[in-house]
Amino acid sequence: MDLLAVSKTQPAERVRALAALGQRAFGENYVQEAVVKIAACADLDLTWHFIGPLQSNKCADVARHFDWMQSLDRARLVAPLARYRPPQAPPLNVLIQVNIDAEASKSGCSPGDIDGLAELVRAQPTLRLRGLMAIPQPHPDEAKRRSAFSRMRRLFERLREGCPGVDTLSMGMSDDLEQAIAEGATLVRVGSALFGPRPPAGRRAG
Ligand SMILES: *Cc1c(COP(=O)(O)O)cnc(C)c1O
């Protein structure tokens, strides 16, 4: 089980402080903010995950500056991510984001779209399909939350059967990471439980 430290809205100094304690993987939601922070931490050997909604005109920045893209949710993003990945860099690790509770306001593809997206990613030598990501509805009923995590686990296991190299199920945040781990998460994304509460921000698309 791996820990992704979600450092959105946190200054580079706080990333450096956590890195000094041994944390290597950091997650960011907003491309512009992240690119500056990644440059400010370039002397540390960190791994950066893009976890926010992605506009297609920002694919080049994600492909150039990140190690992982966790929020792939539509076919249109695949070709630009692949094309702008620098040839000397290792392939960009990709997770397909699933809208597991079918919420109108949320990013993510529907479960039925996973196989098609997986095939598109696997056809690109500069991308490497690693698994699935989800942000289940923060339901007050614990059984409902667990059900979303367990549906994700079944989708993950099915994908893994057909795709060697798929090894990552990214789910669970500060408020629900115990349930996510109990249902088989391999990567939890934790922000406020590590850094403290974030200043309230408006919805921004990365
Ligand atoms: C902000 C964010 C997190 C971290 O949320 P916390 O509740 O602060 O742990 C995890 N995943 C995604 C996609 C996020 O946007």
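Heads up, the Cβ atoms here are built off N, Cα and C, so glycines get one too.
Residues annotated as domain 'Alanine racemase N-terminal' in TrEMBL: 12-199. What TrEMBL lists as N6-(pyridoxal phosphate)lysine is Lys8.
Predicted-model confidence for the domain 'Alanine racemase N-terminal' (12-199) is 96, expressed as mean pLDDT. Within 10 Å of the C-beta of Lys8 (N6-(pyridoxal phosphate)lysine) there are 20 other C-beta atoms, taking all protein chains into account.
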